[in-house]
Amino acid sequence: MSFQYAVFGNPVEHSLSPLIHEFFAKDTQQQMHYGTVLVEGSFEDSANIFFEEGLGCNITVPFKQEAYRYATQLSHRAEISGAVNTLKKLDYNCFYGDNTDGDGLVLDLKRKGIEFKGKKVLIIGAGGATRGIIAPIADMEVDSVTVVSRTFAKTLDLVESMNIKNLKAISFERINEQDKEYDLILNASSSSLQGVLPDLKDDILKKAFCVYDLMYSKSGETVFTKKAHELGVKATYDGLGMLICQAALSFELWRGVRPDIDKAYSYILGVLGRDNHA
């Protein structure tokens with residue numbers, strides 16, 4: 001029997017998720033097929049059709065909050081984030097919603113040897129991706145988490161809705177006027193997809209010990225990580241590792257087995273023609 005799983009998005013045709021999950025399935029000897037679903041109308045309509053036979057799916061932006069509303073049961077981390085990136089069919093018209101983004105990010109950063117305790121974290125962007133990563137990052141005993149985006153009102157709404165200690169909202173205008181330093185800077189905005197840089201002054205970026213872009217690229221470098229590297233930041237990463245780690249957590253939810261992340265990472269690096277390093 002071939003079980004049906006997929007990633008929902010728009011665009012979705014260039015997603016690496018099918019390659020990653022097909023590798024997981026083969027490596028763990030699970031009989032399953034993973035494809036893509038292009039959402040052109042409403043997420044609910046696409047999900048209703050898919051789940052006539054499908055058993056689980058991943059969801060990319062901009063549909064994570066719609067998936068949150070679609071779920072009939074939620075994990076604790078999905079409840080906190082208000083966004084869902086993984087759905088599992090439980091029974092007829094019953095769906096479990098989870099968010100593996102934040103724990104996937106933390107898992108990847110830990111694999112890369114990044115320390116969290118006592119660090120000041122800056123997150124760029126106030127959309128669904130940011131919602132998914134705030135709580136897991138805050139749980140790592142960081143000093144503070146500050147969120148900045150193009151729209152301060154949206155940033156403030158996000159921060160106030162999450163009720164997390166030492167979580168702050170700031171505008172680009174204010175942050176660029178200040179002389180604060182941030183240890184870990186995460187770009188959770190869509191700026192790199194558009195090939196543009198966030199409106200963050202170089203002086204803030206160059207003082208970070210680690211700069212991470214949640215977006216990934218074939219080369220391993222986004223416009224954001226390239227800029228940070230040029231400014232002398234030693235630890236710069238795109239989001240490929242996070243993609244693989246959050247996928248592993250989704251796969252474990254569906255199939256009950258944790259796949260080998262290191263083997264999957266090496267495989268995907270080979271597919272992309274990148275050097276084999278974490």
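From the backbone N, Cα and C atoms, a Cβ is placed for every residue, glycine too.
Residues or ranges marked as domain 'Shikimate dehydrogenase substrate binding N-terminal' in TrEMBL: 7-87. Look at TrEMBL and you will find SER15, LEU16, SER17, THR60, ASN85, ASP101, TYR216, GLN246 tagged as shikimate binding site. Per TrEMBL, active site, proton acceptor is recorded for LYS64. Positions annotated as domain 'Quinate/shikimate 5-dehydrogenase/glutamyl-tRNA reductase' by TrEMBL: 114-192. As annotated by TrEMBL, NADP(+) binding site applies to GLY125, ALA126, GLY127, GLY128, ALA129, LEU214, GLY239. Taken from TrEMBL, the feature domain 'SDH C-terminal' covers 239-263.
On the structure: features taken from TrEMBL.
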| residue | record | Cβ neighbours (10 Å) |
| --- | --- | --- |
| SER15 | shikimate binding site | 18 |
| SER17 | shikimate binding site | 24 |
| LYS64 | active site, proton acceptor | 28 |
| ASN85 | shikimate binding site | 31 |
| ASP101 | shikimate binding site | 32 |
| GLY125 | NADP(+) binding site | 25 |
| ALA126 | NADP(+) binding site | 24 |
| GLY128 | NADP(+) binding site | 25 |
| ALA129 | NADP(+) binding site | 28 |
| GLN246 | shikimate binding site | 27 |
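Mapped onto DSSP classes, the domain 'Shikimate dehydrogenase substrate binding N-terminal' (7-87) shows 32 helix, 18 strand, 31 coil.
Residues in the domain 'SDH C-terminal' (239-263) partition by DSSP class (helix H, G, I; strand E, B; coil) as 19 helix, 0 strand, 6 coil. Taking GLY128 (NADP(+) binding site) as the reference point, the recorded positions whose C-alpha atoms are within 10 Å of its C-alpha, out of LEU16, SER17, THR60, LYS64, TYR216, GLN246, are THR60, LYS64.
Residues near LEU214 (NADP(+) binding site) in space but far in sequence (CB under 8 A, at least 6 apart, same chain), listed by position: LEU105, ALA129, ILE133, LEU186, ASN187, ALA188, GLY239, MET242.
Mean per-residue pLDDT, taken over the domain 'Quinate/shikimate 5-dehydrogenase/glutamyl-tRNA reductase' (114-192), amounts to 95. Taking DSSP states H, G and I as helix and E and B as strand, the domain 'Quinate/shikimate 5-dehydrogenase/glutamyl-tRNA reductase' (114-192) has 28 helix, 20 strand, 31 coil.
The two recorded residues, GLN246 (shikimate binding site) and LYS64 (active site, proton acceptor), have Cα atoms 14 Å apart.
The secondary structure of TYR216 (shikimate binding site), as reduced to three states from DSSP, is coil rather than helix or strand. Among GLY125, ALA126, GLY127, GLY128, ALA129, LEU214, GLY239, the residues given in the record as binding NADP(+), the maximal Cα to Cα distance rounds to 17 Å. Closest in space to ALA126 (NADP(+) binding site), of the recorded positions given as SER15, THR60, LYS64, ASN85, TYR216, is LYS64, taking the CA atom of each residue. Note on proximity: among LYS64, GLY125, GLY127, the recorded positions of the record, the Cα nearest ASN85 (shikimate binding site) is that of LYS64.
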